[in-house]
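Q: Here Swiss-Prot flags Asn28, Asn43, Asn87, Asn103 as N-linked glycosylation site. Annotated signal peptide per Swiss-Prot: 1-24, in sequence order. Positions annotated as topological domain 'Extracellular' by Swiss-Prot, on the basis of sequence analysis: 25-203, 260-374, 439-452, 538-545, 593-605. What Swiss-Prot lists as topological domain 'Cytoplasmic' is 225-238, 396-415, 474-516, 567-571, 627-703. Annotation source Swiss-Prot lists transmembrane segment at 204-224, 239-259, 375-395, 416-438, 453-473, 517-537, 546-566, 572-592, 606-626.
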Amino acid sequence: MLPIKVFSLSRIFVLLAIFRQIHAISINSSTFQVSNSFTLLNNASTLFPVPFDAYTKEYLRTSALLTCAKDSQFSASYFEAAFFPRNNTLFFNVEAQTIMSENITIKAELIAYGLNVYTKVFDLCGIQDNLLCPLKPGNIELMGSYYVEAAVASQIPSITYNIPDLDAYIVVTAYSTIDKEFTKPLACVQVMLSNGRTVQTEYLSWNLVILTISGIMFSVVYSLQGYTVTSTRLASYSISLLLYFQNLAILAMISVSFLPPIVAAWTQNFQWSMGIIRINFMQRLFDWYVVATSGSPTVVYRNKEVLSISVQKRSLNSKIISASSNLNGIESSQKNDLLYTSNLRNSNDYLSKILVLRGIKRVSYKAGIEISNFFLTGFSFFIIFICMIILAFIIFKTFLKVLQKFKVKTIRYLHFHTHWSALLQGTLYRAVFIIYSEISLLALWEFTQTDSAATLVEAIVVFILITVLLSSASVRIWRKMIKSKKIFGQPSYLLFSSSKFLNKFGFLSSQFKSTKVWWLMATSAHMLIRSILVGSLQAHGKSQSIGIFLNEAIYLILLCWMQPYMDKTTNFFNISIHSLNLVNAFFFLFFSNLFQQPIAVSSFMGLIFFFLNAAFSLYLFIFILICFTMAIYYKHPDTRYKPIDDQRRSFLKGEMDDDAVYESVPELHEMKKAVLECNGIQKPQINKIDLCKQNSNCEYLYM
C-alpha cells in the first residue's frame, strides 16, 4: 500500500482535505505545481536526535494543492506537510477556512501514474478528540507532528522515495454524512506528492553545453589548420546535436493539456539551447528595462510565495477529478473562469484563482524567469553569443600579429590571417543558422505578448534581420550551384573553387552534397514553421501538436528520400535524430489529449518518452566523443574519411593561394620576386576543368 495508509486518514483528514498551497500555481494544465521552499524541513530539524540531513535523504512531501471542485466549501491560506520514513514522523502546518456546518464523510484516493492504487472512505466523527464532528464554520490552524506506526509506514515501497519526478497525488472529496451515494460533493482538493528526486539537473545541462561548444570549437580549429573534411563533419554532427536539443526544448513549450512531471523535468535540461538561462542580475535589469520602456511586467515568479487560491462559492455543476477520469475532466474544469485564470497582467485575478501556466509560460516559470522577461533573456544571450564570436576573431587575429612581430612562425594559420574577414562572416552565418529556431520562436511569442514597445520593436527587427540573412544566404548558395552546373557541368566547381565564397558560405553548404545544397532552404522552412506553431498558437495546444507532428513527418520523409547530407554516415546520423523527433511529436499528440485517452496512458507514455530520449542522448554523447577522440588521435584526420562523390575536393584550393602566402610574409614575397627575375619564369595559368577532364584521378589533384 502507498501513502494513504501511512497518513492514517481518519487521524489527519485536515492534511488531505483542507489544502491550500503557499504558491498556488498550476505549472501546466495537468495541475502539477512547484514549490521552491519548504519551511517544515527546517522546523523538523529541531526534533531529530541525530543530524537532520540523515533523515531528509528520503521523504515524501507536499506543498502543492489544486481545487478540483468549482463550489468547494473549504479554502486554505497555507499548507505544508512532510513524512520522514527514517523515524516515521509526519510534520504538518495548515491554515484553513470552512463554511461547512455538518457531519462530513471523506473519500480519499491515491493516484499514481494515472492509476487508482488506493481508496479510503471514513467519517470525520471517528477522530478521537472529536474536534471536527460536526465541522463548524471558521478558521482552522494546525501545526505539529504525528508519529506513524512502523507497521503502517513499512507498507510504503522504498522505491517510492527514489523515483524521480514522482507522478502521484491524492484526491480528497468531502460529502455530507447523509449523502450515502456520494452524489453531491461539498469540496474537492488534489494534493501533489513529491520525494525531492528529479531528472532535471544542472550537471547534465552543463555537460551538454560543454560537449556542443567543444564540437563547434574543434571544427573551427581543424578548419583553420586546413583539415576541411574533418572540420565539416565535426561541425555537421555538433550542429545536428544542438538542433536535437533545441527540438526537445521547443516541444516542452507546446501548450498541451497534460505534461507528465518527468517529461517536464527532462526537457527543462535543454532550455539552455534556446538561451533560457537564469542569471540574477540580468533578470533585475530586464525588469527595469520593461518598466522603463512603458511596459507592463508580470510579477508571477517574484510573488510565488504569496499567491493563494480563493474558491468561488457558486453552484457551477462541477466535475470531480478521479482516477478513472481522462484529461477531459481536467480541461473542462480549467475552463471555469471563476476558478482558473491564465491572465498574467492582472495580479488581482490570479491572487484569487489558480493561475494555470502552460507551454512557454510553464517553461519560463520552471527556469526561474519572469514571464515578461522570457524574450529578453533569449535575445540577450543571442547578442552575447554574436559578440563573443566577433571578440574571439579579433583577439586571435591580434595574437597572430603579435607572434609575427616576435618572428614566431604562424604559417599554419596564414589562411585565417589572410581571409579572417570572410571567415568571420561565415562563422556569423553559421551562428544565425544555429540560433534561428530560438530567435524566430521568441520573436513570434513576443508578437503575442507585447511586454513593452521596445521589446516588440526588437523582436520585429531581429526576426526580419535573421530571416533575411538566412534566406539570402540559402538562395545565393543555390544559385551558385545552378550557375556552376550550367556553365561547367559540375555543381561543385563554383561552390568550392572560390576561396571568398567558400569562406563566407561554406559553413552552411559544405555539410550537404553539392547537388542538394538547396536542402538548407528546406531546413530553414522546417524551423520557421515549427516556430510559428509554437510561438504564435499558445492558446491552441491540440493545433500545435498536430502541426508539429505533420511538420516533423513531412521533413523526415523528404530527408529519407533525398538524403542530402555529404555521406551515408552523416545522413544516418540526421535521419536517426529526426526519426526520434517524430516519435516525440507523436507522444505530444497524447499529451494534448487529442485522443481523449485515460490519464494513465499519458503518464506511462511520459516514462517511455524519458527512457527513450535518455538512451538516445547517451548514444549521441558517445558518438560525438568518439569523433573527437579519432580526430585528435590521427595525425592527418582527413585520411579517415572516404572522398565525397561530388568531386568537391578536386576544386578545393590548398591552404591558401600561393600569392596570398607570399604577400602575407614580406620575406617570402621578396624571395619569390628575385627567383622569378633571375630565371625568367612566369607563373603558369592552370585550367582546373581541363586538367580534370584529362585525369581520371582529378579528385586528388589539389589536395
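The first residue you see is number 1, and the count goes up from there.
Placed from the backbone N, Cα and C atoms, the Cβ positions cover glycine too.
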Q: From the DSSP assignment alone, can you count helix, strand and coil residues within the topological domain 'Extracellular' (538-545)?
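A: Residue counts for the topological domain 'Extracellular' (538-545) by secondary structure: 5 helix, 0 strand, 3 coil.
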Q: Would you count the other CB atoms within 10 A of the CB of Asn87 (N-linked glycosylation site), including those on all shown protein chains?
A: 17
Q: With a cut-off of 8 Å between Cβ atoms, can you find at least three pairs linking the transmembrane segment (375-395) to the transmembrane segment (453-473)? Only pairs 6 or more residues apart in sequence count.
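A: Contact confirmed: at least 3 Cβ pairs fall under 8 Å.
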Q: Ranking 204-224, 453-473, 546-566, 572-592, 606-626 by the number of C-beta pairs under 8 Å to the transmembrane segment (239-259), which range is first?
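A: Ranked by Cβ pairs under 8 Å, first place goes to 572-592.
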Q: When each of 204-224, 416-438, 546-566 is checked against the transmembrane segment (453-473) for Cβ pairs under 8 Å, which one has the most?
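A: The stretch with the most close Cβ contacts to the transmembrane segment (453-473) is 416-438.
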Q: Under 8 Å between C-beta atoms and at least six apart in sequence, can you list the same-chain neighbours of Asn103 (N-linked glycosylation site), or say none if there are none?
A: Asp123, Leu124, Cys125, Cys133, Pro134, Leu135, Ser176, Thr177
Q: What are the helix, strand and coil residue counts for the topological domain 'Cytoplasmic' (396-415) according to DSSP?
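A: DSSP classes over the topological domain 'Cytoplasmic' (396-415) add up to 15 helix, 0 strand, 5 coil.
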